[in-house]
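Heads up: the structure comes next, in structure tokens.
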Amino acid sequence: MSKAFKFGQAVRELRIHLCQSSPTSAGVRKFIEQSYVGLKQANPNVPILVREASNVQPKIWARYEFGKEAHLPLANMTETQVKAALEKLAKPAGFWCRGYSTGIFSLDSSVGLNDEQKEIHSMATKFAREQMKPYMAEWDKNEHFPVDVLRQAAELGFGAIYCSPDFGGTGLTRLDASVIFEALSEGCVSTSAYISIHNMCAWMIDEFGNEQQKKYWLPKLSTMETFASYCLTEPANGSDASSLKTSARRQGDYYILNGTKSFISGGGHSGLYLVMCRTGDVDSGAKGISCIMVEKGTPGLHFGKKESKVGWNSQPTCQVIFDECKVPVSNLIGNEGQGFSIAMKGLNGGRVNIASCSLGAAQGSINTCIDYMHTRKQFGNSLAQFQHLQFKLADMATDLMASRLMVRNAAISLENKHTDLVTLCSMAKVFATEKCFNICNEALQIHGGYGYLKDYPVQQYLRDSRVHMILEGTNEIMRLIVSRHLLFSA
């Protein structure tokens, strides 16, 4: 039997037509005898049908996504020629192949960046297209945490992007990080978002940890030898974070932790957990909260079941449970009572990062739409010829550009420690996550029924970006921050 091959991702069905009375089908019959079983095994999700009838011309007929069809005649072909014809149809070149945009979005996302930042953007984009985008649907379907790919990203310097080079960090700016997270998210939003959370944790240690903590943990985090998780939210305390209940009572040279954290990205897989817990009295509010590092394997540290989620499936999420969990006092980051401040400062950057991930989802959705609108035909014309859809695409691109400018402005304010950075980061998070989600939603609508199928990337961009309006502070809380600053700041 000749070696079977995998069909291109755009192929939805293949039919081989034989003529019962024609000797010209002999080569086709021989090919089927030699290769049919192998092709079925190599392509279990693609129907491969063989049909015989009288008075028909032997041919191979293929149906692709978006309703495209093609066929090739097989008359007087040898077995080798039949195989070549099949490969031509089953491995089609062209821009309709699912999940791989070959159109070029005319609004360059590197506009306004300096030469070094453009190189960083190019490197991150290349990595996303080669190492992430081809696998994002598979990771989503199988809920696979791509450890090897994450560590490849770390080799490029993406494990501790804005941490000090003295301890293994890359030493880049917040704007550089935003550019990276946007580019990576076009390849896989969920995976890029986890990288952003890991980076937030690394920065908290770099910014507030002591020399010993930095020296021990940052090299491990920068290479992603160890993954990190941020533990703030609790079952009964989401937006009301200052009322958290997880406690840490002092017992000699140890803290004894008790409580539960919810919705923890990387839970069970991460090797380090940055835990916001109460070292003060029950009613001590934000001033009684401290930040303590808990290493995986510590007695009393347990994990809940893996959560089943709408999106973000390439990163595990679960409860992190502390039951008389004994942690050395040396694991305290900063001082007792400083934890809430540390957590909020971490979230300022987290909001810019997650908004950047939304930009990548929107960019990927628009690129996919451009290809689809040129390919899909209705009423005798491509969708690109319909003015209503042209206007819709123009609005999507305009909203993306406005979102990008707001996010990058917030990143610069964060880097420069601008007095209004909290407000600017909150504004950018609200605006970008909502506008970009709407872009993904419009992209799905333009795709029609195809957009609703999990075979196509727009639905995954939509699902993965929906949670961005909830985490790192809900958009309702962001609006509260902005309005309070406008109304009550001195």
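Glycine too: its Cβ is placed from the backbone N, Cα and C atoms.
Noted in TrEMBL for the protein shown:
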- GLU472: active site, proton acceptor (ACT_SITE)
- 20-93: domain 'Ribosomal protein/NADH dehydrogenase' (DOMAIN)
Test of understanding: give the count of other CB atoms lying within 10 angstroms of the CB of the residue listed as 'active site, proton acceptor'. 30
Return the average pLDDT for the domain 'Ribosomal protein/NADH dehydrogenase' (20-93) as a whole number. 72
How would DSSP class the residue listed as 'active site, proton acceptor' in three states? coil
